[in-house]
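A short write-up of the structure that comes next.
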Amino acid sequence: MDVNPTLLFLKVPAQNAISTTFPYTGDPPYSHGTGTGYTMDTVNRTHQYSEKGKWTTNTETGAPQLNPIDGPLPENHEPSGYAQTDCVLEAMAFLEESHPGIFENSCLETMEVVQQTRVDKLTQGRQTYDWTLNRNQPAATALANTIEVFRSNDLTANESGRLIDFLKDVMESMDKEEMEITTHFQRKRRIRDNMTKKMVTQRTIGKKKQRLNKKSYLIRALTLNTMTKDAERGKLKRRAIATPGMQIRGFVYFVETLARSICEKLEQSGLPVGGNEKKAKLANVVRKMMTNSQDTELSFTITGDNTKWNENQNPRMFLAMITYITRNQPDWFRNVLSIAPIMFSNKMARLGKGYMFESKSMKLRTQIPAEMLANIDLKYFNESTRKKIEKIRPLLIDGTASLSPGMMMGMFNMLSTVLGVSILNLGQKRYTKTTYWWDGLQSSDDFALIVNAPNHEGIQAGVDRFYRTCKLVGINMSKKKSYINRTGTFEFTSFFYRYGFVANFSMELPSFGVSGINESADMSIGVTVIKNNMINNDLGPATAQMALQLFIKDYRYTYRCHRGDTQIQTRRSFELKKLWEQTRSKAGLLVSDGGPNLYNIRNLHIPEVCLKWELMDEDYQGRLCNPLNPFVSHKEIESVNNAVVMPAHGPAKSMEYDAVATTHSWIPKRNRSILNTSQRGILEDEQMYQKCCNLFEKFFPSSSYRRPVGISSMVEAM
């Protein structure tokens, strides 16, 4: 049957069909090869936006640094990072005036967190720059290595202490004249295998001690490693993101805790809430502006876009903000919070793997590591790369580039949101002192601005004033990419608003399907995703029913568990057919055992085992859920588990689903190959730690420590 796609949309307002234009089906693009070029782009661009600043040299590391703060006021519309300190401080003061006590209360909340947080907070998170090995490692490993080195250098670090004590060690380590570290290297040798008599390459991991002088250590402590951001949809060019090392992470965490606490109290902030809560917050602001504008005023909304938000922000500005926010607090607290921005003002960007060269004629490939870029002959490079390298050379030290201005992606999302909201806050009539006024929403670098005024000239004047005010604090609203509309239709953080939020269902598409954890969890997650989308995203009953059928089909295909009476032959069909024939009540078999699907859109909230329990043969129940069955998972099963689902936008989010322990809740065994690598020792430590924890728990059931999420966790193993 031919379907004319335009007919589908005849009854649908254009805004509701917007989700069909999003690039969310199919695989997202991944980057291959080195991120060195993208990182050099970031460094060069950041310096270009601040080029009229003052150059200084860092006395400890010898790194050249550019400081654009209080630089010249912009004369054109080019993006620039010349924030004016007094303007930022004034914006902070007005923010506090409009929200009495907000900074004071947030400081008190943060102080409590600072005193209670334990070091293992830093084991959360994915890849982290491990300064001891000079490459990325899982967070738990990088932390363990750092603590080990600190210990061997007479610092008091321990894995279960308070984070604040670990940060004291970090501060002390920076004063040391030298630090001794253990590095790993691989030895390869060819030996004859006794059994097969073939030659094999044996790898051994060697360890050697290395001393870092103060300068080298500081450079490593201030280094952000860079990678290419993967899976970004709808973009032609890739871009670089940063992973900081353990020295910086703890300080950043406390600053973000403070900023998060402030954001929670600001009605214009799109962080840290999400989902329906965020939509409600936004709808309130819109309602406020529309109610006031009904008869006398015009109201327009800008769907805003900022040019290179991160690259024009400045850590020195964040330092000024923190100094102001914490001005009545005890010194120790002010010091702890001011270290993160100070470290960022002195940060170094690691250029990544370097470049790969290959000669077609001689079939040779060679890697040029980033360290060599400072003095290699440029004739080997193409023109664009040559320009990049020439530009970055004055900034290079040991394969890292000095990068004082700019923030790198995703480091101070909360704090930069506070800065954005402080400008939105200045739109109140008591501050504009004229007929126009504004309000809006800010979520990291994304914003929506609602301007009200008696006539079009007033709207224009309001937008201009907002634009110029932003320039004064280093925020550059893009005139090309922002657009203005009558209030009632706009987009903010991929939520489309048209007299209420329109469901952008395509964003959820990537999370449909089989997760690949195990048969039990996958079934549960699959139906929960469909249920959640019926609740939150306008997934209609007919579409949901179809999604469910497709999911079951996909699930059977993945686990090769087609119905017992099917003709499809797979490597499981022999066993499943036998089970089908032996079973009296066939409706009681789980789908993963070749049973029929009993789900429909009315019973998605019931776990499959519960749905079919009454229908099961007694001996099948016994095999499926008998705690003495060696295949039933013995760890205490919480009734609710968390799955990681991948929406199209933003980070992977956690989703709860019901977990019933059966023979299908298996946990795959770890891949053997880790046992031959340098990670092996870590693995053994971790198992030891786990055993001790389990013992401890048996004796003290009320103990309230957290199990570490180490590299042995499921997701890492996958």
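Yeah, the Cβs are placed from backbone N, Cα and C, and that goes for glycine too.
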| message | motif 'Nuclear localization signal' per Swiss-Prot: which of the ranges 34-42, 187-195, 232-240 is that? | response | 187-195
| said: Looking at 249-256, 497-504, 689-696, I want to know which stretch Swiss-Prot calls region 'Promoter-binding site'. | reply: 249-256
| remark: In Swiss-Prot, of the candidate ranges 203-216, 301-314, the one given as motif 'Nuclear localization signal' runs 203-216
| query | If you run through the region 'Disordered' (50-81) with DSSP, how many residues end up as helix, strand and coil? | reply | 0 helix, 8 strand, 24 coil
